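Features reported for this protein in TrEMBL:
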type: REGION; residues: 1-40; note: region 'Disordered'
type: TRANSMEM; residues: 57-78; note: transmembrane segment
type: DOMAIN; residues: 130-266; note: domain 'Peptidase S54 rhomboid'
type: TRANSMEM; residues: 140-160; note: transmembrane segment
type: TRANSMEM; residues: 172-190; note: transmembrane segment
type: TRANSMEM; residues: 196-217; note: transmembrane segment
type: TRANSMEM; residues: 224-243; note: transmembrane segment
type: TRANSMEM; residues: 249-267; note: transmembrane segment
type: TRANSMEM; residues: 293-310; note: transmembrane segment
Amino acid sequence: MAARESPPGIQIKVSSKGGGGSGSGNTVHPVEEMDRPEGVSAPPPAVYGEIKHSKKWVTWLIPCFVVANIAMFVITMYVNNCPKNSVSCVARFLGRFSFQPFKENPLLGPSSVTLQKMGALDVSKVVDKHQGWRLITCNWLHGGVFHILANMLSLLVIGIRLEQEFGFIRVGLLYIISGFGGSLLSALFIQSNISVGASGALFGLLGSMLSELITNWTIYTNKIAAFLTLVVIIAINLAVGILPHVDNFAHIGGFISGFLLGFVFLIRPQFGWVEQRYALSGYSALSRRKFKTYQCILWIVSLVLVIVGVDCS
């Protein structure tokens, strides 16, 4: 018996390393053939190779950042040596790792003198003694156990997802540059106190998630719900910055930096371009642009604003 001829159409196999069960939306069905005038031959069916449009990266940089922050906190506590420099300490049984009195540091951490010694952001030292490196080192220091726990848990939740999606290079640059941007804004508005913490970098990652959703808007489903959820999370975190002893200027500076950089670093090709790229040789597909016009405009505008902002600071 002769084999049945398969109907003309387009069959695309979509592969996602992230997995997904039934209803995950990873199947594209053949397009039905439209009626055409008599005598006009049908075009050959488009055959595509395997499309891997959602490659997952192995996450290692974010865990390294977490380990580095914890290591710096342990070193800071070792240098602090509360029993030697203070009359009373919290958890004195920890020896030189014991904490400053609650009255001095309610976060269970070192003294401000020790934080300054380790590289906290002190505007007078940055300006008068040309210690610009403090704009970077302050992002790797924390004021206490509560401070570092909150930041590291947030970093794991936010950072791992981003690194899986976009890789360690882009996420690493986002983290470091956003932290620097937060330090810059903090230095402009808070000049009488010292500032430490990875919050600016964390808000940069949050900002980049928002801009990533905006610039890749057309390839997402349930985009409105995702957008509103992200905006609520960001608003709550910024509201926490109103509390005493919290440097909200670092949060805002990091968020703005990450938001702009997200348009630059986290832009995704459109699915039409991806399917064209994986078309097998011998099939002439319609020419599709890799990025939409609005993506290119956002990319250029954001890059210019980042450069101008850093230059003006």
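A Cβ is built for glycine as well, from the same backbone N, Cα and C atoms used for every other residue.
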Exercise. Where, among 57-78, 172-190, 249-267, 293-310, do we find the most CB pairs under 8 A to the transmembrane segment (140-160)?
Worked result: 57-78
Exercise. DSSP says what for the domain 'Peptidase S54 rhomboid' (130-266): how many helix, strand, coil residues?
Worked result: 107 helix, 1 strand, 29 coil
Problem set entry | Candidates 57-78, 172-190, 196-217, 249-267; stretch with most C-beta pairs under 8 Å toward the transmembrane segment (224-243) | 196-217
Seminar exercise, completed: Confidence over the domain 'Peptidase S54 rhomboid' (130-266), expressed as mean pLDDT on the 0 to 100 scale, is 91
